[in-house]
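Trainee: What TrEMBL records for this protein is below:
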TRANSMEM  72-91  transmembrane segment
TRANSMEM  121-140  transmembrane segment
TRANSMEM  147-167  transmembrane segment
TRANSMEM  173-196  transmembrane segment
TRANSMEM  208-226  transmembrane segment
TRANSMEM  255-272  transmembrane segment
TRANSMEM  284-305  transmembrane segment
TRANSMEM  374-397  transmembrane segment
TRANSMEM  409-431  transmembrane segment
TRANSMEM  437-455  transmembrane segment
TRANSMEM  467-495  transmembrane segment
DOMAIN    523-646  domain 'STAS'
Amino acid sequence: MTLNSIKVEDSSCNATEGESATSSSMQSSGVHKVCLPPYRTTFQKLRQRLSEIFFPDDPLHKFKKQTGLRKFVLGLQFFFPVFEWGPLYSFKLLRSDIISGLTIASLAIPQGISYAKLANLPPIIGLYSSFVPPLIYSILGSSRHLAVGPVSIASLVMGTMLSQAVSYSQEPILYLQLAFTATLFAGLLQASLGFFRLGFIIDFLSKATLLGFMAGAAVIVSLQQLKGLLGISHFTNQMQIVPVLSSVFTHKDEWSWQTIVMGVSFLIFLLATRQISTRKPKLFWISAAAPLVSVILSTIIVFLLKSKTIQTIGHLPKGINPPSLNMLHFSGPHIALAIKIGIITGVLSLTEGIAVGRTFAAMQNYQVDGNKEMIAIGLMNMAGSCASCFVTTGSFSRSAVNYNAGAKTVVSNIIMAATVLITLLFLMPLFHYTPNLILAAIIITAVIGLIDYQAAFRLWKVDKLDFVACLSSFFGVLFISVPLGLAIAVGVSVFKILLHVTRPNTNVLGYIPGTQSFQSLSRYSTAVRIPSFLIIAVEAPFYFANSTYLQERTLRWIREEEERIEVKRETAIKCVILDMTAVTAIDTSGIDTICELRRILEKRSLKLVLANPVGNVMEKLHNSHALEAFGLDGLYLTVSEAVADISSSWKPEA
């Protein structure tokens, strides 16, 4: 039996002269041919598939049909976006960027110092990290509103993982070496993902996973700041909730009432300004300026009081970033730790930076190239590791302030970096009396916004497995550790993917009266069964991982339908139709399963029919010669055509 006899042709669907009569007969009976996709060589298929995987946005489409000079200009703009927006820059844009740059600088300076403390690094490192990376990003970045600098999550993870292996107080040089080396590896990973267009890897960190992780991290970070708010000198380096709380109450004799009163007062002030700006977005400048105002006021108060019970930052060196290339550490027993920290912080910071950039790009109706952003963030971290910086990325809080302040381009990052430069050169002695309690209050205010209980409630309502992933991440961070909590959450997310792949949905379909549509009987009460037919829809690719399950589930559907028919004394099943509309792919195991299922049903005097296989599925079924066994009426374009055509063939037998 030839394939042409079962209504299969190439993509043109044009019959030859010998087949014209048969084709006309089929068309007049309402049955259409099922076409094969256009013929392509193996190389052409591989090329198209790789293009879809790695270049879904076709980034080189602008280069087509261009002159050599134009291609050179487009290449510069592609790799250095500054050449794209730079020639169009105007004084009006500069005025907006200066205002937004100064605004985010007022937030970036205290946050930079605070996040460096969160990573157990010298406070000055936080300012260094707010100077060089923004300059690099302003040349390479494609987001107009992303404000670059240290962020709480990456700082927390780096500080936690490093402190478990090395103590900064005992081995400060080694600690700095590992921090800078981890930053280099983070940058290498980020740039590599962008260069090789492997950004889809970070998609394994689902929103549910990150939601729980950030909430758990926010709780731990907030509890860790009790050291500064209570004035405790001796505090645990562990990051689990039990030892942290135990350390708080074990050292009650170190609590300082002056520190508590002052710290709680500024914390209330910062939270209040945050609430005001949240309710009235036009007053964003209140919460943006609040951290710097708090630093200035608290520093003045401590300077006037001269209290020895209130712990201060102490001396901070003046000057720009010293080179740290000689401090990169590529040997010794801790190199594996540096790589591990670099990978984890690199993925986390990359996820946050890309998400923030795309969020504000969508609000202003422009596009951000995710792969170019990865390269930009990676290169700025690589450069930062050689200039005494730790891991940086786009900060959501600073980017929101940047957006609300009216930023038009990445020049706002340059203005911010220039402000930080002035601070580094001339204003560092002013931070000598800045109390640690104000840094703790700033950190708590910043991270408390990461606890999104409303989003968790929505997860519970929409997807219970996503909610489980969220809780796993949250409690894993709280009670085990930050990296293991994240690993558990990723494991739950991967398990969810495997569950959907290995146990896909299948449904029995019924006819919607008055239409040509067949829909799920369990979903539509108006859907009715077609006597003698069982129509099953498979809603997933047919792979080796689920082929056995799909065979068993199909046989179970048949058994249950036969039992129902026996009870209600209806017409017995004669034909089983597999609706393959949602079967987007198939492999050899899937093909073998379909053939095996056909043989099993044939022994039970049941006919198996395939309806609407998509292009690549049809091509594989054709190349494997699996369709030859299905006969003249074993393959149809739609379920309705299959039902009509097969039913008509039974009438003479009645």
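Glycine is treated like the rest: Cβ placed from N, Cα and C.
Curation plays no part in TrEMBL annotations; they are all automatic predictions.
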Trainee: Would the transmembrane segment (208-226) and the transmembrane segment (467-495) count as touching if the test is at least 3 Cβ pairs under 8 Å, pairs 6 or more apart?
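Mentor: Judged by the Cβ rule, the two regions touch, with the required three close pairs present.
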Trainee: Between the transmembrane segment (255-272) and the transmembrane segment (437-455), are there three or more C-beta pairs closer than 8 Å, counting only pairs 6 or more apart along the chain?
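Mentor: Between the transmembrane segment (255-272) and the transmembrane segment (437-455), contact is present.
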Trainee: Mean pLDDT for the domain 'STAS' (523-646), rounded to an integer?
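Mentor: It averages 91.
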Trainee: Taking a Cβ cut-off under 8 Å, which residues six or more beyond the ends of the transmembrane segment (437-455) line up next to it in the same chain?
Mentor: 110-111, 113-115, 117-118, 123, 152-153, 211, 214-215, 217-219, 221-222, 225-229, 231, 259, 262-263, 266-267, 270-271, 274, 291, 294-295, 298-299, 310-311, 313, 397
Trainee: Counting each residue once, how many in the domain 'STAS' (523-646) are helix, strand and coil under DSSP?
Mentor: 60 helix, 21 strand, 43 coil
Trainee: Out of 72-91, 121-140, 147-167, 374-397, what stretch is closest in contact terms to the transmembrane segment (467-495), meaning most Cβ pairs under 8 angstroms?
Mentor: 147-167
Trainee: I'm a bit unsure how to read this: which one of 72-91, 121-140, 147-167 has the highest number of Cβ pairs shorter than 8 Å with the transmembrane segment (374-397)?
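Mentor: The stretch I would name here is 121-140.
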Trainee: Which residues of the chain, 6 or more past the ends of the transmembrane segment (72-91), have a CB below 8 A from one of its CBs?
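Mentor: Beyond its ends, the transmembrane segment (72-91) has Cβ neighbours at 59, 62-63, 66, 138-142, 144, 372, 409-411.
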Trainee: Restricting to the same chain and to residues at least six past its boundaries, which positions have a Cβ under 8 Å from a Cβ of the transmembrane segment (121-140)?
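Mentor: Beyond its ends, the transmembrane segment (121-140) has Cβ neighbours at 79-82, 108-109, 111-115, 146-150, 159, 168, 175-176, 179, 313, 316-317, 320-321, 372, 375-377, 379-381, 383-384, 387-390, 392, 410-411, 413-414, 416-417, 420-421, 423-424, 428, 431, 439.
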